[in-house]
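Peer 1: Take this structure first; my questions come after.
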């Protein structure tokens, strides 16, 4: 039996079953925690000066981690309150944020929060590529997609996203291991998002080529 928290494959749901978050709010819920993380790290010393109690958390990166965790929980709660479902990707990412964020604060070691993107991207990349190995295109379960594709389209798109996730994991490892914390935080917020947007736009020809019409979708 499928757990109600998890979203099913979008192709299996009718429009009446879907309770979607408005696009702008959805974008805000996805970007909000990252922006909190960036500005808390960039302005951490100022925040600590203004609110001395925050100094007990530690350096700006630790304050940013704590606020990132709080913002992530709030974003998931808002999404749940509006749709009564949690898409797989934000849910898994949120769980990893809480686990690795807690380790970061407990051990006072920012390595854990820096490895979070590596873990999440490797996990999703492994799931997608592993699914293809067993003949399953699992992209519909990872993303809350609104489009319908034929089987070949799902396979190709799943392969591309699986490889892209692995690419992001490798890039994150290179950046956090070779550059300063501030550079890594900036790249995480202002580098990964543009790269992802460009990659997504590059998939539009494939999506258009393999999109199903309403008649084809009903017949399938």
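Placement of Cβ uses the backbone N, Cα and C atoms for every residue, glycine included.
Below are the features listed in Swiss-Prot for this protein:
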type: TRANSMEM; residues: 20-40; note: transmembrane segment
type: TRANSMEM; residues: 57-77; note: transmembrane segment
type: TRANSMEM; residues: 86-106; note: transmembrane segment
type: TRANSMEM; residues: 123-143; note: transmembrane segment
type: TRANSMEM; residues: 156-176; note: transmembrane segment
type: TRANSMEM; residues: 187-207; note: transmembrane segment
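Show me how these features fit into the structure around them.
Peer 2: Long-range Cβ contacts of the transmembrane segment (57-77) within its own chain (Cβ-Cβ under 8 Å, at least 6 residues beyond either end) map to 29-30, 32-34, 36-38, 40-45, 47-48, 86, 90-91, 94, 97-98, 101-102, 104-105, 108, 110, 113, 181, 185.
Outside the transmembrane segment (187-207), and at least 6 residues removed from its termini, the chain residues within Cβ reach (under 8 Å) are 31, 34-35, 37-38, 117, 147, 149, 153, 156-157, 160, 164, 168, 171-172, 175, 179.
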Peer 1: Ranking 20-40, 86-106, 156-176 by the number of C-beta pairs under 8 Å to the transmembrane segment (123-143), which range is first?
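Peer 2: Answer is 156-176, with the largest number of Cβ pairs below 8 Å.
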